[in-house]
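Contents: one structure, followed by commentary.
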Amino acid sequence: MSVHSILFSSEHVTEGHPDKLCDQVSDAVLDACLAGDPFSKVACESCAKTGMVMVFGEITTKAVLDYQKIVRNTIKDIGFDSADKGLDYESCNVLVAIEQQSPDICQGLGNFDSEDLGAGDQGMMFGYATDETETLMPLTYELARGLAKKYSELRRSGSLEWARPDAKTQVTVEYDYDTREGKQVLTPKRVAVVLISAQHDEHVTNDKISVDLMEKVIKAVIPANMLDAETKYWLNPSGRFVRGGPHGDAGLTGRKIIVDTYGGWGAHGGGAFSGKDPSKVDRSAAYAARWIAKSIVAGGLARRCLVQLAYAIGVAEPLSMHVETYGTGKYDDAKLLEIVKQNFKLRPYDIIQELNLRRPIYYDTSRFGHFGRKDELGTGGFTWEVPKKMVE
């Protein structure tokens, strides 16, 4: 066993990516439901293509919703205000196909305000944390997200006058991977590759795009000591990217689950988040798993941590729990699992109560990731990012 170098990559997308647009529409609908009825049962999907956005799914709520207004305001907020950008919030078609939740599912879950509330579906959910950044998120992810956020910020402010809403970023980091003494310790060394594909107007030159992305985005986000003469840059490598948003590619809720989580690190159970109320453990238990993993790393109990939870539909208690610290734990993983069980209640009701999830806090999560963030909009969200002091 030794120390050797590895390369690992993570990607991110801006709010104008067609799949992300759909995530935001679904969570905007969810927030509207929860604002009017905290006990709403929501499973809202969205899809988008040229000149069209459709919301569909199952919703049971006392809230009165204006779907047309919610969808159009979301599209406007993203920045799609003309057809040549990929979508026009004023003229696009908004289609709605919403039904009530299946009575079979509803009766199987029990009272939404009961401690015995059953999980909304089966599945396994993962949470991950690492000490390589202040947010306890992977560096590859934080850098890719940082590039996407900076691009969006400059686009919105007009500092990138040619920029349009749809963009993707990707960062490859070289790590020292130390496997001595049975551990798996990762130490970031340098940024090996930076990739940005940014939608632009038809007048700007490729050279102008490259200079702006390098000077205003990359150098503003990635520390200079992480870049070197060997770092490779791919800036709009396809050449031109005028047609973007839903005009360029169809969008669908739930297709950016790695962007939503840890950039490929840890693991993923497959369930998406957006458009789902907190009785759906795809969302609430994934938030709880991150809360546990972050609490372990923040508390100095491990340098890296992966947590898995598993549930059955209609059953309140998790079927299984697993903690993996990659040999970096203060205690062995079995001991850490016992500490977790002593400090966290993980029935859906308990997760919802502890993290205060029956509130309209989800729209902000639907762009730029669900983890490693603070409450930037003042909605009281991201409670799962506040580590819990655990009794050992």
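The backbone N, Cα and C atoms fix where each Cβ goes, and this holds for glycine too.
The Mg(2+) binding site annotation in Swiss-Prot covers Glu11. The feature ATP binding site is assigned by Swiss-Prot to His17, Asp166, Ala167, Lys168, Ser238, Gly239, Arg240, Phe241, Asp249, Arg255, Lys256, Ala272, Lys276, Lys280, with similarity to another entry given as support. The K(+) binding site annotation in Swiss-Prot covers Glu45 and rests on similarity to another entry. Residues or ranges marked as L-methionine binding site in Swiss-Prot (evidence: similarity to another entry): Glu58, Gln101, Asp249, Lys280.
Largest Cα-Cα distance over the residues recorded as binding ATP, namely His17, Asp166, Ala167, Lys168, Ser238, Gly239, Arg240, Phe241, Asp249, Arg255, Lys256, Ala272, Lys276, Lys280, equals 42 Å. A count of other CB atoms within 10 A of each Cβ picks out Lys280 as the most crowded of the binding-site residues Arg240, Lys280. Ranked by Cα separation from Arg240 (ATP binding site), the binding-site residues Glu11, Glu45, Glu58, Lys280 are led by Glu11. Separation of the C-alpha atoms of Lys280 (L-methionine binding site) and Ser238 (ATP binding site): 39 Å, rounded to the nearest whole number. Across the structure, Glu45 (K(+) binding site) and Ser238 (ATP binding site) place their CA atoms 31 angstrom apart.
Other Cβ atoms within 10 Å of the Cβ of Ser238 (ATP binding site), summed over all protein chains shown, number 7.
Cα distances from Glu11 (Mg(2+) binding site) to the binding-site residues Glu58, Ala167, Ser238, Asp249, Lys276 are smallest for Ala167. Taking CA atoms as the reference points, Lys276 (ATP binding site) and Glu58 (L-methionine binding site) are 10 Å apart.
Glu58 (L-methionine binding site) carries a strand DSSP state (E or B). DSSP gives Ser238 (ATP binding site) a coil state; it is part of no helix or strand. Note: the Cα of Ser238 (ATP binding site) and the Cα of Glu58 (L-methionine binding site) are spaced 39 Å from each other.
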